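Just below is one structure, and these are the notes that go with it.
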Ligand SMILES: NC(=O)C1=CN([C@@H]2O[C@H](COP(=O)(O)OP(=O)(O)OC[C@H]3O[C@@H](n4cnc5c(N)ncnc54)[C@H](O)[C@@H]3O)[C@@H](O)[C@H]2O)C=CC1
Ligand SMILES: O=C(O)CCC(=O)C(=O)O
């Protein structure tokens, strides 16, 4: 057994109930094995053992009172994975499936993703098993305040800067920030994704979705193609899906689907219109309704209990959640003519699905490369806060575009094998080199 294999078995034995984390590590180790054989300096000083072990894991009780006066108890976490190149940075997820296996996978991915952005950000992730679905606004506020009442002592503008993820959007960031400010009596860049009037950045809400489309466009360009006229299938209907749809429409593509955990909606042949997108944003972000309601209101088809991967398309953008696209889904996409898959979500494709895409040599981008625009723009929000200035929409968008283009070039440089760009290897190797070099230079800590 190779050293990497021995380490991987040890990781699984140590924490047998953390399957999503094992999956993320397996993918990265798969890319690193041939690279490390040629670059053994990166295996010294326990570097690999250290990079898979969080620097710190914080777990805490979150106690709050619901609208009926009942006491509710949730679990809160922050995984501070790696600070070799900057303060821990990464989102907070509020979803009933949140546990350490999920957060460690997300934090691990974040380390490599943040390195790819070229900005000085380490990797972290946090959240809670709290389910915001069906909760009143007042309940969400009380939960956020209770969550921050513990988290505040572990974070800071130069220590750890959380942001949003599934179930945490502008509303939640507002409540979390208000509580942090009250407890600390300071107005700092401790969270990103803030509202524009109190330190937020233009384009941050759009950034993950826009960046995913910019990355996919760079991939399409390598084969002389563009989004114009392409049929695009999108999963999810939250923050990332909404703005991926907007940018794809702006680039002349036909967006055929969006989905939620109960099913997907199918737009007629010419795709989602701008008016339908505006209606989706209003339904999801203000009324917080399900897509079944949207389909009825729009008079379009709704496929209950189904995923959108059976709809014939040229480009697929998985923007919902981990492991939402499996081997069979990947084969179906290929059979129906899909030539490009760019992940807006984190690890939406299973390892089997990734293998299908790479073996078929289609354009496939892992989330840590294609969805890095969100955290990159969070980094730009931190920069603007630090200089106490706000950049224009055009300036932030241009910087986001340039960062995504640079990540693409970095993947091409590190992932090209016999003329084929393996974006998985490219992203993993490029991200690893930067973090590993910093860790070696900083000694065994
Ligand atoms: N918000 C951000 O800036 C970034 C988010 N991501 C990733 O993008 C993905 C989506 O996040 P957001 O859009 O921010 O969250 P969100 O909470 O705004 O939306 C999540 C969407 O996923 C759907 N969803 C959740 N569980 C599902 C399931 N089991 N099956 C099908 N659909 C499901 C929800 O219905 C919703 O449409 C996540 O994987 C997240 O980690 C990645 C980079 C940055
Ligand atoms: O903007 C951020 O800091 C968090 C983004 C995030 O959670 C992610 O990239 O998955």
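From the backbone N, Cα and C atoms, a Cβ is placed for every residue, glycine too.
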According to TrEMBL, 110, 113, 164, 378 bind substrate; identify which of 89, 135, 194, 405 is listed for that same site.
89
Contacting recorded positions, sequence order - 89, 110, 125, 208, 239, 378 vs ligand 1, Cβ under 6 Å:
208, 239
Return the count of C-beta atoms lying within 10 angstroms of the C-beta of residue 165 (site 'Important for catalysis'), excluding that atom itself.
27
For the recorded positions listed here (89, 113, 125), tell me which residue's CB has the most neighbouring CB atoms inside 10 Å.
125
Using the centroid of the Cβ atoms of 89, 110, 113, 164, 378 as reference, list every other same-chain residue with Cβ within 8 Å of it (recorded substrate site), in sequence order.
90, 91, 114, 121, 123, 125, 163, 192, 374, 375
